[in-house]
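*Asks:* Feature list, courtesy of Swiss-Prot:
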- 65-116: disulfide bond (DISULFID)
- 82-416: disulfide bond (DISULFID)
- 52: N-linked glycosylation site (CARBOHYD)
- 109: N-linked glycosylation site (CARBOHYD)
- 148: N-linked glycosylation site (CARBOHYD)
- 189: N-linked glycosylation site (CARBOHYD)
- 1-26: signal peptide (SIGNAL)
- 27-209: topological domain 'Lumenal' (TOPO_DOM)
- 231-241: topological domain 'Cytoplasmic' (TOPO_DOM)
- 263-293: topological domain 'Lumenal' (TOPO_DOM)
- 338-344: topological domain 'Lumenal' (TOPO_DOM)
- 366-384: topological domain 'Cytoplasmic' (TOPO_DOM)
- 406-422: topological domain 'Lumenal' (TOPO_DOM)
- 444-541: topological domain 'Cytoplasmic' (TOPO_DOM)
- 210-230: transmembrane segment (TRANSMEM)
- 242-262: transmembrane segment (TRANSMEM)
- 294-314: transmembrane segment (TRANSMEM)
- 317-337: transmembrane segment (TRANSMEM)
- 345-365: transmembrane segment (TRANSMEM)
- 385-405: transmembrane segment (TRANSMEM)
- 423-443: transmembrane segment (TRANSMEM)
């Protein structure tokens, strides 16, 4: 009854762990943007969380001005406390009827009461003979704190860097707005390159802790892989099938973290994220998540523990795994290539959530049946193994519920997300919780000298075999009463003879007087053993 009482909790954990848990942040914030712009174009918006003393550069490249024209460039740098304040800036501008034609409109109506750094560069000549436009002048409104940069900074102040138009003065979310205007009657186009490089490189302030997290997790997975390899090498003759599954999950987890770290490091160095590398990382993550769910499923079914094989059920397990991988891969790729289309990402996640719900129910039913079978067989070793696994799931449930309450209170139920530096925890926590559960599973199913005690044994254990042998031996004489009878050729068979003397005579001829003398001769003491016993007794006397 105690095991059954924990089944709803285990089902809740699987729901939390497989359905409610948010995916890893799809794309790190870039540090360099190259955007084409032409006559009649609107304003360009760049959002990013930046460290103090981050240099913002703007370059006007590849000008194409068949007719000479004078351009006016305006830019605004605005810091804000709330991370989610400008997620829909276009709607805010439309609501305030602001088109950035004047500085007052933007800084008073939209940016008030926060700090708004602004500047403009007028009368920039552009004609068909120009290959590059002159550098823009730096804003005069630069806080003094930005001048004193640390000596160990990755991006020290360089007076010869004339492309810098602004510099941040504190850590936090920033909005950079750029507008290029010219004569409305003249056609022109060019490309704008905006770069934001801080003390740690091009990576954003919200992504840098996540990059360190992936590096640490990659090292931890490497250590786990080495430990599991040493364990398996020491007891390679007695390895169970489930231990090969665990090795595969460890390898995929190590590869996943390495690819994510490589992507974040590449973004930090180059300022541009690689969609190909991100898609590869998402595919690796989908394979790992699929294999982890299959591992939990076959463990709950008792594969290798109470069943030597799953038979036709294995086809259903593989089918569910293939479906899950397809849906997980589609959802992950949609988060990368269609990150701005939230509705499409949500639509891609619906089949995945439904499939996770089905897996949750299947695991719940199978795990309950497996523990019931072990309890009926009185197999204390295997039952204790599943009990420890249950306690691990209960711990994960409590940890998940506590974190979800904290996350909802911190990020969902507030109008202003001021604690933007803790956003990386929302992505890293579920990965770390998965790592902890995997670590416990490794410990429970670790290779050892007594590895086969967790393996499948036919119906009964050794202790039950001893009881069964005793029962068979004790009742062996009862089975020897049966004798062959000759069928009658004509009519109904004769009733058995009731002559007691004939029965007794048959018993005396076919059954020894002492059953022990015939059945257990090896238990009788030999003459030599009797003599040795008497000799030992005489020595004692």
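Heads up, the Cβ atoms here are built off N, Cα and C, so glycines get one too.
From a predicted model like this one, the values you see are computed outputs, not experimental measurements.
Could you tell me the structural context for the features on the list?
*Replies:* Secondary structure at residue 65 (disulfide bond), taken from DSSP and collapsed to helix, strand or coil, is coil.
A 10 Å cutoff on Cβ-Cβ distances gives residue 416 (disulfide bond) a total of 11 other Cβ atoms nearby, all chains included. DSSP assigns residue 416 (disulfide bond) to coil in the three-state reduction, placing it in neither a helix nor a strand.
When other Cβ atoms within 10 Å of the Cβ of residue 52 (N-linked glycosylation site) are tallied across all protein chains shown, the result is 19.
The Cβ of residue 189 (N-linked glycosylation site) has 36, 37, 38, 39, 64 as same-chain neighbours under 8 Å, each 6 or more residues away in sequence. Look at residue 189 (N-linked glycosylation site): DSSP puts it in a strand.
As a summary of secondary structure, the topological domain 'Lumenal' (263-293) carries 27 helix, 0 strand, 4 coil according to DSSP.
The average per-residue pLDDT of the prediction over the topological domain 'Cytoplasmic' (366-384) is 77, rounded to a whole number.
Same-chain residues lying 6 or more positions outside the transmembrane segment (210-230) and placing a CB less than 8 Å from one of its CB atoms are 25, 28, 203, 246-247, 250-251, 253-254, 257-258, 260-261, 264-265, 268, 424, 427-428, 431-432, 435, 438-439, 442.
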*Asks:* Give me the Cα-Cα distance between residue 416 (disulfide bond) and residue 52 (N-linked glycosylation site), rounded to a whole Å.
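*Replies:* Between the Cα atoms of residue 416 (disulfide bond) and residue 52 (N-linked glycosylation site), the distance comes to 21 Å.
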*Asks:* Sequence gap of 6 or more, C-beta under 8 Å: which same-chain residues meet both conditions with respect to residue 82 (disulfide bond)?
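*Replies:* Within the chain, residue 82 (disulfide bond) has Cβ neighbours under 8 Å at 173, 415, 416, 417, 418.
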*Asks:* Which secondary structure state does DSSP assign to residue 82 (disulfide bond), in the simple three-class scheme?
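*Replies:* Looking at the DSSP assignment, residue 82 (disulfide bond) belongs to neither helix nor strand, so coil.
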*Asks:* Let me spell it out: take the transmembrane segment (423-443), skip the flanking residues so only those 6+ beyond its ends count, and list any with a Cβ under 8 Å from a Cβ in it.
*Replies:* 17, 21-22, 24-25, 83, 206-207, 209-210, 213, 217, 220-221, 224, 227-228, 246, 249-250, 253, 292, 295, 388-389, 392-393, 396, 399-400, 403, 407, 411, 417
*Asks:* Pull the DSSP breakdown for the topological domain 'Cytoplasmic' (366-384) and write it out as helix, strand, coil residue counts.
*Replies:* 17 helix, 0 strand, 2 coil
*Asks:* Roughly how many angstrom lie between the C-alpha atoms of residue 52 (N-linked glycosylation site) and residue 65 (disulfide bond)?
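*Replies:* The Cα atom of residue 52 (N-linked glycosylation site) is 37 Å away from the Cα atom of residue 65 (disulfide bond).
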